[in-house]
Structure formats: structure tokens, C-alpha cells
Amino acid sequence: MAAAEQSVEQFRGQARLPGFAAPRRYDLRLTPDLDGCAFAGSVDVSVDVTAPTRFLVLNAAELEVAPGGVQFKPHGAEQELHPAEVTNVPEDEILIIRFNEVLPVGEGALVIAFKGTLNDKMHGFYRSVYELNGEKKNMAVTQFEPADARRCFPCWDEPSFKAIFKITLEVPSETVALSNMPVVEEKVNGPTKVVCFQETPIMSTYLVAVIVGMFDYVEAFTTDGTMVRVYTQVGKSAQGKFALEVAVKTLVLFKEYFAVPYPLPKMDMIAIPDFASGAMENYGLVTYRETALLFDEKHSAAANKQRVAVVVAHELAHQWFGNLVTMEWWTHLWLNEGFATWVSYLAADSFFPEWNVWTQFLEESTTGFKLDALEGSHPIEVDVNHVDEIDEIFDAISYRKGAAVIRMLQSYLGAETFQKSLAAYIKKFAYSNAKTEDLWAALEEGSGEPVKTLMHSWTKQQGYPVVNVKLKDGKLEMEQTQFLSSGAEGVGQWVVPITLCCCSYSRQEKFLFHGKQEDFNLSGLVECQKKDDFWIKLNVNQTGFYRVSYDEELASRLRYAIEANKLSAADRYGVLDDTYALCMAGKQKLVSLLHLIAAYKDETEYTVLAHTSLSIVEMMAVAAPEGLGKLKKFLIDFLEPFAQRIGWDAKSGEGHLDALLRGTLLTALAELGHEATINEAVRRFNIFVEDRETPLLPPDVRKAAYVALMQTVNRSNRAGYESLLKIYKETDLSQEKVRILGSLASCPDPDVVRDTLDFMLSPEVRNQDSIFLLRGVGAAGHEVAWTWLKEKWDYISDTFSGTLLTYFVSTTVSPLRTDEMGDDAEEFFKTRTKANIARTVRQSIERVRINAKWVESTRAEANLGNVLKEISHDH
């Protein structure tokens with residue numbers, strides 16, 4: 001379009017910024033006022049004008065830009081140009097600058113002065129509250145991903161507009177000021193100082209970071225001399241040591257894995273008291289929630305240690321995959337998140353082989369499976385047409401399904417080929433942007449396999465298949481259909497990398513299953529079929545993102561293989577997980593699931609037992625018809641021997657996984673109301689209340705004890721609740737606070753649950769931590785939580801945003817289990833759904849329908865009681 005025909009109107013309502021001008025370098029100066037919760041700033045942007053235009057259009061949101069504070073100076077011109085009009089369009093978060101003259105093609109300098117508020121919404125340039133020597137103080141923090149750099153300074157806030165950043169801060173002299181790069185100069189001027197940072201390499205706006213506050217740190221150096229620091233609140237630096245060790249090892253590992261050195265001179269990691277997500281990979285200055293970075297030798301549990309290691313590895317992977325090579329647009333977000341999730345397990349496995357993290361990885365896959373079995377799921381690659389739609393795709397599809405399909409591809413292509421092709425991809429796209437297709441092209445070139453064809457069916461369409469398998473006349477008859485938790489038939493079809501083993505892991509086959517149906521000839525395995533102990537397992541070690549449904553004969557043989565301990569831990573997990581999902585979808589009877597659970601009576605692996613106990617608790621909460629005491633007794637009888645074996649007290653020579661298992665089993669028994677567990681927990685808790693240093697309640701079993709204690713609380717006896725609140729208020733360890741929050745709402749008395757929900761909205765609980773209390777609502781509290789959400793909705797939707805707001809919807813609506821409740825939720829959200837929660841509302845209501853169906857089909861299994869007797873008798 002010719003410059004003369006341009007108008008303000010044509011830039012409104014667009015998904016992306018126009019391409020006629022692009023930033024090359026930002027010189028950004030910010031002056032935060034920590035007490036007044038405000039900031040002022042100016043930005044001088046070197047802009048490359050590539051086509052004649054009278055307009056410059058860039059992003060800005062919640063910033064005050066005075067028309068007199070904007071000017072443009074073309075390169076080599078004597079005179080600045082002043083705009084005729086500066087239009088702020090809040091609904092599109094853009095600033096439209098109109099000049100009377102046509103801007104010449106080439107470089108020019110755009111200067112803008114602006115003011116803003118240090119908000120309390122945990123995005124943009126915001127404030128986080130902390131205590132120093134008993135006094136409350138504000139720190140200033142940035143969180144720009146996905147699209148909130150525009151809340152701090154006017155900019156081209158899209159990942160493909162990469163530029164260099166030169167940042168200068170004017171801050172109180174006593175504070176620590178940090179940014180992506182090291183400090184090059186600091187000038188103290190009485191109560192304030194000016195801190196200048198080294199220029200960044202070329203990078204995207206969402207990775208820029210600035211932090212101002214009071215901090216301590218611990219530091220170390222990699223073998224290459226990169227300085228690594230962990231910053232914490234004053235007095236907590238010792239809790240940063242574990243993360244520091246992991247970070248140093250991770251930078252070295254990834255330098256080798258990606259075959260490119262870490263690109264920056266330093267790596268700072270910092271714990272922020274108010275933080276909406278788990279962590280954020282800002283280039284060279286990674287921000288974390290305290291629970292994801294800090295580890296206290298005395299008061300943190302084994303689960304906390306593993307969380308820190310995996311999150312640190314995830315964020316540092318992004319320094320290459322995301323920061324050095326960046327997605328072209330948010331459609332390709334999954335490349336960033338799925339990859340970093342997958343490779344964080346690769347790192348953790350390399351440093352802590354005894355944690356068996358690849359078996360634990362299956363829990364990530366299961367989370368992806370659950371969301372992707374909904375009709376309201378979405379493909380891995382999502383068209384993003386408005387900035388409001390981005391937050392909702394930071395979900396289990398992008399992270400967990402993304403990671404699972406990368407693992408599937410890596411195991412199909414082989415680890416070495418995969419790694420070499422990846423290094424070539426990083427090298428080719430360093431300091432620029434890439435799309436999903438670019439990664440496929442690199443892997444196809446390196447492997448000679450049809451990667452694009454194979455992967456398109458996994459990233460371009462939503463869902464995944466269940467492969468139905470029958471054994472007939474020495475042939476395996478396979479048929480694929482899309483798996484949906486509702487039991488409905490989906491229309492998807494995939495290229496499925498099938499792996500199978502027969503009677504032992506030394507006999508494996510792999511091939512691509514393209515069609516709807518395929519027969520696989522087992523002639524090569526004839527001698528194996530003649531054995532009495534013959535079995536076949538598809539999806540060996542669960543590396544594929546699909547489920548398998550076996551005919552009766554094959555299923556009973558797999559049960560035998562499990563009892564005889566012939567299957568790997570990952571395969572034992574997979575058989576159970578698939579059967580549980582098929583049962584929920586009404587494709588198998590609850591009875592066959594219970595028969596299968598009984599086969600795990602000698603299970604030893606943490607991940608398999610943890611998954612069994614979580615499935616059991618979920619099954620009791622959702623599917624169990626009222627009054628089915630026999631089912632509860634059967635499930636408690638199954639779990640109890642494991643808990644007795646492991647006990648409350650750690651034994652010498654135990655490892656990390658024993659510690660995880662102890663907490664999981666005892667918590668499950670407490671949630672099921674197991675009396676002996678509850679009594680022992682209360683006994684130990686009472687001693688702990690008197691003596692916080694007692695060895696009787698170590699961190700690994702505290703959550704279990706707190707949940708057990710809450711089972712004894714009701715309207716008229718609130719003592720346990722009050723003592724937990726007291727500990728909550730006294731501790732300054734975030735992990736302990738989170739353990740308590742996660743236990744409070746497990747109380748079986750709805751009145752108490754309601755009180756805990758009110759407590760969650762009080763100033764005592766940081767907004768970021770509300771999700772832990774919501775996740776902990778027990779079966780008895782679901783209906784009251786829904787009633788409460790409806791009453792408080794206006795306040796909640798004003799106070800929370802982004803992922804936190806979607807959590808309120810999903811955790812409260814999803815567990816409801818009658819169609820009436822589903823109708824109620826539909827009616828309620830009809831007038832209250834904005835773009836940023838629409839997808840979550842749809843998914844949550846669909847889950848209610850699925851639960852209701854499961855309850856009905858369980859009720860219809862008339863002979864359940866007799867079968868339970870039989871199973872208990874057989875085992």
C-alpha cells in the first residue's frame with residue numbers, strides 16, 4: 001500500500017504488527033520508584049524502515065506516552081521529525097505514530113519517553129513484596145513472556161523482531177540491580193546510582209529482564225569461566241547451593257549436547273517471592289518461584305530436590321533452544337516448551353541416574369494424554385490470532401505432549417542421529433527464528449527418515465490414537481482409532497511408530513503403522529507363541545504417544561507377565577495407565593481394571609506405585625458410586641502392605657525414590673481415610689507441634705501428616721486446622737507453606753473447606769500460591785468449591801490473570817461429576833467467558849460430562865461387590 005493511502009484504521013484489530021519497519025537496537029533507560037510503585041523511562045530505538053511509510057506502529061500497554069515525548073530522526077538528517085498524532089489503542093495494545101512526512105527508507109532513531117505503574121499482577125514490570133529485618137519492602141521484577149514487554153517500554157513485542165538491547169537503570173544506591181548482561185559501569189550519586197549494562201546479543205523482547213531489590217548470592221564458575229550466581233532473599237543464600245551445583249553441570253552438559261558454547265558471559269538465577277509460573281528463562285537472568293530454586297537441607301523434601309533439578313535444567317536448555325534459536329511466532333511455542341521439558345529429563349538422568357527419571361517422565365506423558373483425550377483439546381501447533389489467546393497454550397499439550405512426541409521421535413531415530421541433527425539445527429538458526437518445519441527438515445536431513453510426514457500427524461491435528469490389538473491365527477490384527485475420554489469415536493488418523501516385544505525384550509520389532517488397519521505377521525515369533533508364558537507388549541517402554549487396547553486373551557497374558565515380573569517398570573506403568581483410561585472412557589469394565597490392579601501386589605518401582613495410588617484416589621473421588629465401601633476397602637487393602645513395608649521412618653541405605661514413595665503412599669492412605677495412618681500421623685504431628693526439630697516428622701512425610709490431620713477436622717473440632725495455620729504463619733520456607741496449603745482443603749467437612757478457600761484469598765496467601773490450595777480440594781469439597789467460585793467470581797477474575805485464572809476454572813469445575821453440575825457451569829460461564837479462559841472453560845465442562853458418564857457406567861456394574869470378594873480371595 002502506498003504511504004499516501006495509509007490510515008490509523010488499517011492497523012487496528014490485526015494479529016501481528018506491520019512489517020514496514022523493524023527495530024535493530026534499543027537503548028533503554030528505566031527509573032523505578034520502589035516506594036511509589038511507579039517507573040519512568042525512555043527508549044531510543046534504531047529502526048530500519050524498509051518501505052515508505054507515514055506511520056510507525058509498535059506495541060505499548062498501560063504506559064503513559066505524552067505526544068510531545070515522541071520524535072524520529074532519519075539517519076544523516078539535520079532535523080528530528082515530530083509526529084502529527086500519537087494514537088494509543090488499548091484493545092490491541094499498540095501505539096500508532098503518524099507523521100505528516102513520509103519516512104525515508106533506511107535507518108532512523110525513534111525516541112519515546114514514557115511512564116508506568118509497577119503493578120501487582122506478576123506480569124510486565126511489577127512489584128514483589130518481601131521482608132527485610134521485619135520491614136516490608138518492594139522489589140521491581142519483570143516477566144515479559146509471552147507479550148508483556150510492552151507493559152514496561154514501547155517495543156516491537158513479537159519474537160521475530162530480534163534486536164540488541166543496551167539497558168541503563170537508575171535505582172536506590174543500596175539495592176542490587178540486575179539485567180541480562182553484566183554491569184559495565186556504576187555511578188553512585190548520593191541516594192541513587194546509575195547502573196549501565198553491557199549490550200546484549202541479538203534477542204527477542206520477551207527475554208529481556210530487569211530486577212531491583214535487596215539480595216544475597218552464592219556463586220561458582222563453569223570450566224569455561226562462565227560466572228554462575230544464585231540470588232536469594234537476604235539470609236537465604238545457603239538454600240541456593242544445590243541449584244548452583246546443578247546449573248554449573250547443566251551448562252557444561254548442554255554445551256556438549258548442542259555443540260555450541262553458552263552464548264553469554266554470565267548466568268544469574270534468582271528466586272522471586274511473587275511469581276506466576278514456575279520459572280522464566282530470561283537470557284542470562286532466569287527468574288524462579290522460591291519453591292523451584294531453593295533447597296533447604298533440613299526442611300526440604302526429596303520431591304523438592306527433584307523439582308529444583310528438573311526446573312533448572314529446563315530453563316537452562318532454553319538458553320539455546322528458545323533464546324539463541326527462537327520460535328518465529330507463538331504457534332511454535334511447543335518447540336520451546338516441549339523440547340525444554342524433554343531435555344530437562346535428559347540432564348537430570350545424566351546427573352542423578354538413581355532417580356529413574358525416564359520412568360517418572362511417564363507422569364508428564366499421562367498429563368498430556370489426559371488433556372489431549374478431550375474434544376476441546378488443541379493441536380500442538382495452534383494458530384494464534386490474538387495476544388489474548390497465547391496464555392492458554394502454555395498447557396499440558398505444549399509442554400507435556402510436546403515433550404512426549406519429541407521423545408517418541410528421538411527413540412525412533414536413535415539418540416545419536418537425533419543429537420547430531422539438533423546441533424546442526426541450532427547452528428543454522430542461531431540468533432534468528434525458526435518454525436516447526438525447520439526442525440523436521442534438519443532431522444530428516446540427518447536421519448534420511450520421512451520425519452515431516454511422520455510428525456505432521458502428531459503436531460497438526462489434535463488427539464492421539466488407541467491401537468486395538470487382537471491375536472488371530474498367528475497374526476496381530478491392529479486397528480487405530482482416535483482415543484477420546486468421552487468414549488466417542490474421533491476421526492483422527494496417525495502415522496504410528498509401533499514397537500513391540502514378545503516374551504522378552506531381546507525380541508523387538510519396529511515399524512510405521514500408516515493405515516486404519518494393519519495385520520502384522522508374527523511368523524518370526526512362532527516358537528515364542530508356543531510357550532505357556534507367552535505375552536506381547538506394544539509401545540515398548542512407553543516411548544510412543546499412543547494407547548493400546550488388548551483383546552481379552554492378550555490382556556490376561558500381560559497380567560501374568562506383570563505378576564511374574566517380566567515387564568520393565570515403564571511397561572508396567574503403561575499397561576495400568578492405558579487400562580485406567582480405557583475404563584474411564586467406558587471401553588473396559590471397572591472390574592477388569594481392579595483385576596489388573598491386584599496383579600501389582602509385589603510392585604517395587606516408585607513411579608508405578610505412585611501412579612497406582614493416584615489413580616486409586618482419583619477413582620474413589622470420581623467414579624465410585626456412593627456407599628461402595630467394599631471398593632474403598634479393596635483399594636485400602638491393596639495399598640496398606642506397601643505402606644507398612646516402607647513405614648514412617650527412613651531406614652539406612654534408602655535412596656531418593658524410597659523417600660518419594662513414602663510420602664506418596666501415606667498421603668494416599670490418609671486421603672482414603674485409613675484409620676491407622678491417620679492415628680499415627682496425628683501422634684507424630686502433636687510431637688512436632690511441641691518440637692519442630694523432632695526426627696519423627698521429616699519433610700518427606702509432612703504433607704501426608706498434614707492431610708491426615710485435616711481428615712480429623714470438622715466444624716466443631718478445628719484444633720488441627722488452627723495448628724496448621726500457626727505453622728504456616730511462622731515458617732518462612734515457601735516449600736513448607738505450599739505443603740500446608742496443599743493439605744488444608746482435603747478436609748471432609750464442606751464448611752471447613754469453605755473456610756480454607758476464604759483463607760486462600762486473604763493477604764496471608766500470595767496470589768501465586770492459590771493454585772496449591774485449589775489442587776488439594778478433596779472429594780468432599782468439590783461441590784462447595786464450585787458454589788464458592790461462583791460467589792467470588794467477580795473478585796477472582798479481577799485479581800488473577802493468565803495461567804492463574806485458568807487454574808481457578810480447571811481445578812474447581814473439572815472434578816464435578818453430574819450432568820446437572822455440567823449444565824450449571826455452562827449456564828454460569830455463558831456470560832462470563834473472555835477469550836483468555838474460553839478454552840479452559842470448554843475443557844473443564846467436557847471433563848464434568850466424562851465424569852458423570854463414568855459414575856453411571858460404574859453404577860451399572862451390578863456384580864462389582866461379588867467380583868471384589870473374588871479378587872481379594874484370589875490374591
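Every residue number used here counts from 1 along the chain in the order it is shown.
Including glycine, each Cβ sits where the backbone N, Cα and C put it.
These come from TrEMBL:
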DOMAIN    23-207  domain 'Aminopeptidase N-like N-terminal'
DOMAIN    242-458  domain 'Peptidase M1 membrane alanine aminopeptidase'
BINDING   HIS314, HIS318, GLU337  Zn(2+) binding site
ACT_SITE  GLU315  active site, proton acceptor
SITE      TYR399  site 'Transition state stabilizer'
DOMAIN    535-849  domain 'ERAP1-like C-terminal'
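Features as recorded by TrEMBL, highlighted on the structure.
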{"residue": "HIS314", "record": "Zn(2+) binding site", "contacts (Cβ under 8 Å, 6+ apart)": "ALA279, ALA340, THR341, VAL343, SER344"}
{"residue": "GLU315", "record": "active site, proton acceptor", "contacts (Cβ under 8 Å, 6+ apart)": "MET269, ALA279, MET280, GLU281, VAL286, TYR288, ALA340"}
{"residue": "HIS318", "record": "Zn(2+) binding site", "contacts (Cβ under 8 Å, 6+ apart)": "GLU281, ASN336, ALA340"}
{"residue": "GLU337", "record": "Zn(2+) binding site", "contacts (Cβ under 8 Å, 6+ apart)": "PHE394, SER398, TYR399, GLY402, ALA403"}
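When Cβ atoms from all protein chains are considered, those within 10 Å of TYR399 (site 'Transition state stabilizer') total 24, not counting its own. Each residue in the domain 'ERAP1-like C-terminal' (535-849) has a pLDDT score, and their mean in this model is 95. Within 8 Å of the centroid of the Cβ atoms of HIS314, HIS318, GLU337, where the record puts Zn(2+), the same chain has further Cβ atoms from GLU281, GLU315, ALA317, PHE321, GLY322, ASN336, PHE339, ALA340, THR341, SER344, TYR399.
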